[in-house]
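As recorded in Swiss-Prot, the features of this protein are as follows:
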{"type": "TRANSMEM", "residues": "A:21-41", "note": "transmembrane segment"}
{"type": "TRANSMEM", "residues": "A:60-80", "note": "transmembrane segment"}
{"type": "TRANSMEM", "residues": "A:91-111", "note": "transmembrane segment"}
{"type": "TRANSMEM", "residues": "A:129-149", "note": "transmembrane segment"}
{"type": "TRANSMEM", "residues": "A:151-171", "note": "transmembrane segment"}
{"type": "TRANSMEM", "residues": "A:192-212", "note": "transmembrane segment"}
Amino acid sequence: MSVSLLQPSFLMSKTRSYAQILIGSWLFLTAMAIYLSLGVAPLDFQQGGNSRILYVHVPVAWMSIIVYIATAINTFLFLLTKHPLYLRSSGTGIEMGAFFTLFTLVTGGFWGRPMWGTFWVWDARLTSVFILFFIYLGALCFQKLSVELASILICVGLIDIPIIKFSVNWWNTLHQPGSISRFGTSIHVSMLIPILSNFANFLFLTCILFVLETRLLILSFLESSITEEIEAREGIPKPSSLALFASMAEWLKRPT
Amino acid sequence: SIARRGPTRPKKIDIGAKARQMQNRRLWTYALTFSCIAGFVVIVLNQFQDQLVFYLTPSDAMEKFAENPTKNKFRLGGLVLEGSVAQPAASQEMEFVITDLITDILVRYKGSLPDLFREGHSVVVEGFIKPYTDEVRKEVSTKPISKKARNLDCFFSATEVLAKHDEKYMPQEVAAAIEKNKKIIEAAATEQAAEVAAS
């Protein structure tokens, strides 16, 4: 069973048959997260409505770090095995991580402008996240020159992750220390739930995009015997959503 | 014909074993390189520990200023002393006292304050430590709470004031409830103290 899970034809057919459920539940999660963070969550006693920015800022910051760790594992495995699947998924990780990091920096700045009184300061937390963004950008650029170089950069940059995590504890910074630790949280539950639901939402989106990227990679081996195998496994090709669109277009173009 | 049949036939190469061998070699090379770089970064960060802090406490800053009075640009972090914010009529600059509970220092600042600037909360100020002149002495307010700060022979002329948020987030209602409960507990404590004193 575990071997058959790794087979491309199995992945292709299963992700296709579960696609509607997956995307549907992601849409539901998104709607719930937006409703929770904009409708249900109460105003903060100090910040007022500005605390709503944190419902996006915190999950996105977590995502940028989680995606980085996943990408570093991928690139390290690529360096060892030179398997194209690791290369492709690390490429996806770099793109998404760069986006998440930029989003973290921008939302943080917009929160800091009214709250701290400045958009940007060079304290340890902000600078280390800025460096993370540049590692992502550097890897994006190096990918076009040499994938090995980009992979090595990502692996070396892993040292930045503990620095980001502990920067607020090691040095005194303007950025507040982490609210959630092993010993409990200092965020009230009613404000923690929107953060967690947004986090689940982003995590789910990332997983879906990774799977889609893997599908693209498998489809790029069109000449191989995989496609035949998929067709054999699925039997008669089902009407896909694309086919539905095509039939809709035909229906619209029908002579009246 | 004997020569052809003999040792010329190549041995079958085990590709899997070869690949594993190469992977192992790569693993050790990369692991060694990356751990060297990580160690280097850790050493560098330890060396520059002093430069990496964003702000100093007033006590540290006064110590440094006493050592080298020509370098007077600092970033101070501390609590705004409750009841110390004032706008003296004689000057355009507002003033407040920041404290690390050991050293108090008077801060003078002209400009707009961030939303989170509150008495009793953390703040980071950037600017210069300057010795008091007679002119400044005349301008500062005479609040009793800032007496300790005024007894120092220098004050802090801020160019920028940043508010620092703590890690606590809670809804307004919860904060109000906590304040109310605190007051109830305090009242109970004073009542008890009064009873003890009476008996």
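Glycine too: its Cβ is placed from the backbone N, Cα and C atoms.
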### Query
Have the transmembrane segment (A:129-149) and the transmembrane segment (A:192-212) got at least three CB pairs under 8 Å, pairs 6 or more apart in sequence?
no
### Summary
Under 8 Å Cβ-Cβ from the transmembrane segment (A:21-41), and at least six residues away from its ends along the same chain, one finds 15, 51-52, 55-56, 190-191, 193-194, 197-198, 200-201, 204-205, 208
### Query
What else in the chain is close to the transmembrane segment (A:91-111), if you only count residues 6 or more beyond its ends and a Cβ gap under 8 Å?
50, 53-54, 56-57, 60-61, 63-64, 67-68, 70-71, 74, 119-120, 126, 129-130, 132-133, 136-137, 139-140, 143, 150, 154, 202, 206, 209-210, 213
### Message
Are there residues at least six beyond either end of the transmembrane segment (A:151-171) with Cβ under 8 Å to its Cβ atoms? List them, or say none.
### Response
65, 68-69, 71-72, 75-76, 78-79, 87, 90, 94, 123-125, 128-129, 131-132, 135, 138-139, 142, 177-178
#### Entry: Residues from the same chain, set at least six apart from the ends of the transmembrane segment (A:60-80), whose C-beta lies under 8 A from its own
86-87, 89-90, 93-94, 96-97, 100-101, 103-104, 107-108, 129, 132, 136, 147-148, 150-152, 154-155, 157-158, 161, 164-165, 199, 202-203, 206
